[in-house]
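Annotation comment: TrEMBL describes 457-473 as compositional bias 'Basic and acidic residues'. Residues annotated as domain 'Major facilitator superfamily (MFS) profile' in TrEMBL: 26-444. What TrEMBL lists as region 'Disordered' is 454-473. Under the heading transmembrane segment, TrEMBL lists 17-42, 72-88, 100-119, 131-152, 159-179, 191-211, 326-346, 352-373, 385-408, 420-441.
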Amino acid sequence: MVGSANKGGIFQSKTRYVILFLGSACIASIASNYTILGFTYICMSNVTVDENNATAMATRGQYDYTQKEKSFLHWSLAVGTLLAAWPFQWFYQKYGARDVFFIAGVISALSTSLMPLMASIDFKYFLAMRFLQGISFGADFAAIGLIVVHWASLKQHGFFISLLSSFSQISVMFTMPVSGLLCNSSWGWQSAYYVHGALCMFLFSLWWWYYRNDPVDHPKMTEVELEKIQRGKKEEELGQHEAVPVGAILRDPVVWSVWLSAFGELMMSQFIVLYGPTFIKEVLNFSVGKSAMMVAMPRFVHLCFKIISGHLSDKIKFLSEKTKMIIFNTISLMVSGFFFCVLGFIPKEQAFYSIVILFIIEATTGCICGGFYKCATLVARQHSHFVLSAIQFIKCLSLFIEPTLIFIFCRNNTLAEWRIVFLIHGGLLMGGNIIFCFFATDKPAKFTYTQADETDELKQEPEKQRLTDAPHE
């Protein structure tokens, strides 16, 4: 039941912001749990087995995994995410995010806490825990869509998306320094997994206690805040269990332009998260501690630009939404794609300039929330969770492709080998932006209306205008 509009307190009419920050923390926690491995590799490799163990493992550390084994660890995460993304979308639609996302968090917390034990027993069990981490990660993107659709006002989509989609940056900013400190402490690399698992369990307990699937049902909701959230939304957007028109979504070229942009951006993001520490340490020759900081600091810059650009995307009024999305997307993908190509030609003796370019890439890609992410929620509206779940599927592809690229091209960790990978990423970023600029629009797609609505000429007008803004079917 909606509370009185006169209800006092510091959080009066601010429930949606508590949901936003709590949801962002939970999403980032799941991402942090799978990110730990990318950094602890360089700590685990220093561990050796008992000298009395006269097996083949005595020639190298028990956790000194080969590039092939590391690829399997990344692929197992991708398989788990790939298998779980679509089922989670269905569970969200049927049961809502409160219970479903909580279950995903519990899976992530338990599997992360058990990883050190499983790694010490057998590599296959370690892979199984990594697979479960992937299962839980499959819940992230659909959760973003549901929180934006049900808790953000139409005027705040950019801000909500900027924070909710910052899970990669938040996770790296937290995980890299914390894991670096714990790895170098007397507690060892295992403690990084225990700390992350415990924190994840705590955050998701708060989620289950505070979140409600519908703002109307929240005990702290006021009439004033509910009106702000629902203002300008169609009746279909306020429902919780409308069937997803999968076929219509898959035939929409605007949605495909969003997914292509997402592919380039997610490839770039996964590269920095999974292999940034390796590039900085092995190619640029930074120490373990500095490698962690050189990845975490640019991610902080990215987060700052993401929040600022999301706010500006909502507040700038002298440009149309379509123009703003094209500008933000171009800054994010075209500019960063160019500098990704440049990065491959900086000599490692001039590592300082490589770090500067990484900062530029992270700063410019921070503008992405005002680009294709915002386009996805404005076009798909109540079906945003499905479109963003597809982006989760794309992220699965990147988790397959990134280890494959590194395995194929970076066998000796030379700059010439990494240059090929940089050029591939730069090309994907720039190509995705060109296609997006051709199709971008802020008008709700035809599939967001029910069949009854399609007979109403007034409700068809946004789609007619949309057809003039972008080529469509």
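The backbone N, Cα and C atoms fix where each Cβ goes, glycine too.
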Open item on the list: For the transmembrane segment (385-408), I need the partner stretch with the highest count of C-beta pairs below 8 angstroms, choosing only from 72-88, 326-346, 352-373.
Closed with: 72-88
TODO: Output the single range from 72-88, 131-152, 326-346 maximising the number of Cβ pairs under 8 Å to the transmembrane segment (420-441).
DONE: 326-346
Task: Range from 17-42, 72-88, 159-179, 326-346 with most C-beta pairs under 8 A to the transmembrane segment (100-119) - done: 17-42
Task: Cβ pairs under 8 Å between the transmembrane segment (159-179) and the transmembrane segment (352-373), at least three - done: yes
